[in-house]
Amino acid sequence: MALLISLPGETPAMAQILLLLSSACLHAGNSARSNGGNDFGVNQPERCSGVQGGSIDIPFSFYFPWKLAKDPQMSIAWRWKDFFGHFIYNSSMPFIHEHFKGRLILNWTQGQTSGVLRILNFKESDQTWYFCRVFLQTTEGIKFWQSLPGTQLTLTQALNTTMRSPFIVTSEFTTAGLEHTRDKRNPSLMNLGAMVTMLLAKVVVIILVYGWMIFLRWKQRPDPA
């Protein structure tokens, strides 16, 4: 759904004012009713989501039945937060809102009826509604319309396993490996020491037993006298 302003010979500023007034009336009393005969409009997805710090795209397209003027002066603008919200981008100036400085890219050229608005370094404060506005000159005068529903952007939380630093994961596995190696190494050394001690004890016992047996035999030997 889109709201159209048609002003033969009028200025874009006047078109902007009438657009706001007409939209206010539409929202106040007739927002639920649609005109099946409309052959113009702006298409935007109902909602898009992205990861914090990444980029997010809002695709758009528009259509109209009129014949373009020799110099159509076609331009694209974007608002945010609500239908009457502040402009964040205007291709005809060009203009970029302070909040989005260095973070907006409009992939669209004159004559095209579709494009993509890309927001870089997506932030939590970017979560709101975005509305595409189209302005052009036709043989019937100025035509100026804007998407009514807009597109809602939301932040998607990434899974913890993907958000954790590889260095931290590697460190944990390395630490666990060292502890595991240490736990395996110390018992081995202790077992080896115990085995040596037991072996020495057995040798001492054997020597004592054999020595005692030799002593007894020597004691029991008949006296040669």
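Cβ coordinates come from backbone N, Cα and C, glycine included.
N90 (N-linked glycosylation site) carries a strand DSSP state (E or B). Close to N90 (N-linked glycosylation site) in the fold, though at least 6 residues off in sequence, lie S75, I76, A77, W78, each with a CB less than 8 Å from its CB. If you look up Swiss-Prot, you'll see N90 (among others) marked as N-linked glycosylation site.
Annotation comment: Swiss-Prot describes N107 (among others) as N-linked glycosylation site. Close to N107 (N-linked glycosylation site) in the fold, though at least 6 residues off in sequence, lie G115, V116, L117, R118, each with a CB less than 8 Å from its CB.
As annotated by Swiss-Prot, N-linked glycosylation site applies to N160 (among others).
What Swiss-Prot records for 1-31 is signal peptide, and it gives sequence analysis as the kind of evidence.
Residues or ranges marked as topological domain 'Extracellular' in Swiss-Prot (evidence: sequence analysis): 32-195.
The topological domain 'Cytoplasmic' annotation in Swiss-Prot covers 217-225.
The transmembrane segment annotation in Swiss-Prot covers 196-216.
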